[in-house]
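Asker: Shown below is the structure under consideration.
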Amino acid sequence: MKVLCTVLVVTLLAGCRADVEPEPEVLEPAVWKSGQPWELALGRFWDYVRWVQTLSDQVQEELLSSQVTQELTVLMEDTMKAVKAYKSELEQELVPMAEDTKARLSKELQAAQARLGADMEEVRNRLAQYRNEMQAMLGQSADELRARLASHLRKLRKRMLRDAEDLQKRLAVYKDGASEGAERGVSAIRERLGSLVEQSRVRAALTGQPLQERAQAWGKQLRGRLEEVRGQAQDRLEEMREQMEEVRVKIEEQAEAFQTRLKGWFEPMVEDMRRQWADLIEKVQAAVGASTPVPSQKP
């Protein structure tokens, strides 16, 4: 039993020693001091966390209030806003890129951005937890809390550095894609300008011709157009003549047919009337003859 207790005590002492043993300092990239706005904002956050890690008397005093977490919140928001602004700026130049490639790059960049934001959020939450523990002091000494906080901050700074470098690389890929799209846009503009310059050169050459030559060219073009119109008019006139001749022939044929039908309709009627008239005359003559007395002979 004594041996077991001794082992437990040694283990606890070794763990405490491991907590307070200093780790190598994490060196931040120099580019965070002179890079993009988001890198400068992240550098300010990084410097603030490094100052908090010193756990000086001033840090201890501010950690017991909400000042440190408030300042970290402002630095976090500045960093993420700068990242979003830089990403939006690059997206404006990614228009010529294929949609699937652009979607993949955007998804990877958002994931890296979220990881960095989570790292900064965890730093702030850890400091808030330390403040609560210091105020409560639940069975722990201040030295133990400070040692544990220092260890956590070192680990968080390492992870934040790794995620920041990953975000930096993905933004570089994004920027390369934007540069490639911009180069394609410049090439298209260059080709368009070349075409416009060639058109301007042709116009300038035509403008530089003597007025007489230009007038002759216009006159020749006008004569050709007049000949074309005259030929079209003659063809149209001949076509109208043929159509009028066809109409005349049709009208004559219809008139002759109508005359034939009219004659066939009237002739039987006239013949019948003539026959009836002759019969009537014969009847009248017969009646008149019958009614006239025969003269008597005298002795």
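Residue positions begin at 1 at the first shown residue.
Any Cβ shown, glycine's included, is placed from N, Cα and C.
Given the structure is predicted, the values throughout are model-derived calculations rather than measurements.
Dumping what Swiss-Prot says about this protein:
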- Leu156, Arg157, Lys158, Arg159, Gly219, Lys220, Gln221, Leu222, Arg223, Gly224, Arg225, Leu226: heparin binding site (BINDING)
- Met137: methionine sulfoxide (MOD_RES)
- 261-273: region 'Specificity for association with VLDL' (REGION)
- 74-95: repeat '1' (REPEAT)
- 140-161: repeat '4' (REPEAT)
- 224-245: repeat '8' (REPEAT)
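Show me how these features fit into the shown structure, please.
Answerer: Under DSSP, Arg225 (heparin binding site) is assigned to a helix (H, G or I) in the three-state scheme.
Less than 8 angstroms from the CB of Met137 (methionine sulfoxide) sits no same-chain residue that is six or more residues away.
Using a Cβ-Cβ cut-off under 8 Å and counting only residues 6 or more beyond its ends in the same chain, the region 'Specificity for association with VLDL' (261-273) has no close neighbours at all.
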Asker: What three-state secondary structure does DSSP assign to Met137 (methionine sulfoxide)?
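Answerer: Coil, per DSSP.
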Asker: How many other Cβ atoms are found within 10 Å of the Cβ atom of Arg223 (heparin binding site), counting all protein chains shown?
Answerer: 10
Asker: Please compare the binding-site residues Lys158, Arg225 by how many other CB atoms fall within 10 Å of each one's CB, and tell me which has the fewest.
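Answerer: Each of the binding-site residues Lys158, Arg225 was scored by Cβ atoms within 10 Å; lowest is Arg225.
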